[in-house]
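Here is what TrEMBL says about this protein:
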DOMAIN    3-74  domain 'Ig-like'
DOMAIN    194-290  domain 'Fibronectin type-III'
DOMAIN    294-393  domain 'Fibronectin type-III'
DOMAIN    395-490  domain 'Fibronectin type-III'
DOMAIN    494-586  domain 'Ig-like'
DOMAIN    591-685  domain 'Fibronectin type-III'
DOMAIN    705-788  domain 'Ig-like'
Amino acid sequence: SAPRCHVNKQLLDVRVLKGEPAELSCTVSKDEVTGTWFKDGLKLTSMDGVFLEKEGLVHKLIINKVEDIHAGKYRFAGGDIKTEASLFVEDPPQVDKVLLKNLTSVPTMVKAGQQVKIKIPFEGRLPVRAMWLKDKMELVDDTRIRVDKTETFTMLSISSGERKDCGDYKVRLKNDSGVLEINLKLVVIDKPQPPAGPIKIVESSSNNITIQWKPPKDDGGKAVQSYIVERQQIGKSDWVTLGETPRSCTTFTTNKVEEDMSYYFRVRAVNAEGTSDALESDEVKAVSKASPGAPDPPQIVSASRDTITISWKAPHKTGSSRIVGYIVQKRKKGTVTWLPVNNMPIADKKLKMTNLKKGLQYEFRVAAVNAAGIGDASEPSQPVFARDSTKAPGQVQDLKVSSSDSTSVTLTWKRPEAKDGSNVKGYEVEMRSSNNLTWTKCNILPIEVTTYTVKGLQAKEMYFLRVRALNNSGPGEATEVEVCTEAGPPVVSPRLLIDDTVKSFLVVKAGNTIRVNIPFEGSPDPEVMWLKDGLPLTNWAAVNTKDGATQLLIEAAEFTDSGTYTVELKNGLGRKETFRFQVQVTDIPQSPGPIQLEENVPNTVTVIWEPSASEKWENNLYYTVLKCESQKGLWHVVGDLIYTNKFTFTKLIPGRNYYFRVVAKNSLGASDPSETVQPWRIQKPKAEFQAKPQKYKEVNQNQPPRFLIPLKPHVVTTGSECHMSCAVGGHPLPKVTWYRNSRDLSNDPAYFCTNDFGICSLVILGVTKHDEGEYMVEATNELGRAFSKAFLVIKGNN
């Protein structure tokens, strides 16, 4: 006989995007095989968009544009051969390409106070879940922000845009076929904040006043164009505009002042969106004459048992007239009273003093004199003994910068040479910035080692540092070095880096470890604080923060550890960020208490049991009731998802023994059962014989659907588990369908629907704001329809 035909190449499963072409093909061993194509058991022929082709030994089914109706199981059969495969139609979320390019390439810009609406229409197989995120945190509705989600679009609405709404947003569209993420940027522009204060008075005289300020911390998203300066005279109500400066200039000098009058000044920043609120100064007086400022501390030139010679420099601020001389004062070291050395001003800037007591230590200070009077006195000189001193120490050697960063500089040096370094008692370090001529001492007590770190410096600033050796004669000649500090790290607002590994709701078995690790960023390093239910954590919980991450660790969780945990970041600039999550500590439930059986209604039994002790700490505990018709028979569930402590069983058959068992359940498992000891039995009635038999008329037991226990409203918190249930009667047994906001939930994987003997339940794991709405249960059979409705309200974690 002729060899049988067989399939050389089988049909293979195909996955294809909706709207794309698809092809199924197989190869047979004989050319004369014609074959027939079937879809889901029905014979196929060529039709619009579907073509059946044969090319030699190859048989093809070609679909020009795949739609949902084309999904299914295809079979090719002919003679002795048969091969089959499935066609899966993928329809992930999609957004119009032009709209997508506009959203992602160009920031959405609005003015402060205007309404923001970003609508994104989409296509794809339902249900499509839409989520909006800002800085990796999901947006939830509040008084200003609203997120709308329908089957065809999602929209972000902000009733009144504010600067804090600026940032990077992400829209995540997800269905069974895939995920689409859209990144977009929102910019809210506004008038600038006021200039940064306070207003400094750089110079004040009878002729002019110079003020200075800093640029605003937030320019409103538009560059500052200029500053407006105004003045108000004390005692008057009107403000006078003095002028305007370009954005690069933050100082202003006015000569529109009168001698001995006091004024207020205010400055406003201007950008393209408007003028900021004003930064206002304290009271400023245009003084008639200005006395000199304080000179630098005088220097010790020489000292002996009879005389001490000092010298000084003129002050940087000479006042409103030239300096005519100087007054020198002295005091004994350790006293507070200054005594005049000269009663009349001396013009020279050097003075040799006598009439000193041998062996005492003195300090000196100098004040300049001009036409306005005696100016401020200098800081005291270095203390010096009135005695024949040893030679002042020489200069320190090899002064250099060993290390530096943005806020500190470390200096090292060597002792003065041997001939000049005798009797060195220590060292002093002084510093000044490049824009300040006054030297500031860095150490209070003499430094005994040859290294010192100067701290508290500003980043990217030029500083001059000098070191002197000290002995009983006082300080030696200084050695100076110039250094520039490094740039400081950029200021980064504290931000918690929340990803999919950090859950907003944790269920932990009692005794297990609670470990939550949250990475973060921020510069300068932010302060991290953990709270439980709004209060600081006590010692039972360990918190470890290092290397840009903070971890909460509880070695053995107890039921009291359940609650709301908060981690808070805060830096020195007043910026902070928080994240909250729920922890529920639970365990496999304990067994229910003893069971009682009662016949409250004839031919029924009500099972009543003592609650499980686990009800004290478990919010989502429920019970399952099982029955057995003999001591060695099989156990069958007769009631599930019972949240009370009793259950009525109605399907009793007289004459049989019934045993009952109750189990407590939660998300971790089931308890050991509690069982009845004695059987429950309804006596079988004795048959009564009638002398005259009656005709039997069959009773019609059919009933339309009715709700024995209606659906009740629920209020739950975000992230928790929600159970909704009701009881339905009717014959034949009604078909039950759940709806949310009139949308059928039967095929939605986020909702779990069950119907056990008329007990209908809906379970939602980890509810979100999206799950809020009106829920309806519809029961139908051939005799009618009934429904029950209730609202589910979702509360936030705050």
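If you go along the chain as it appears here, the first residue is 1 and each next one adds 1.
Just so you know, glycine gets a Cβ as well, placed from its N, Cα and C.
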Segment-level pLDDT (mean, integer) for the domain 'Ig-like' (3-74): 86
For the domain 'Fibronectin type-III' (294-393), residues assigned helix / strand / coil by DSSP: 0 helix, 41 strand, 59 coil
Summary of DSSP states over the domain 'Fibronectin type-III' (591-685), given as helix, strand and coil counts: 4 helix, 43 strand, 48 coil
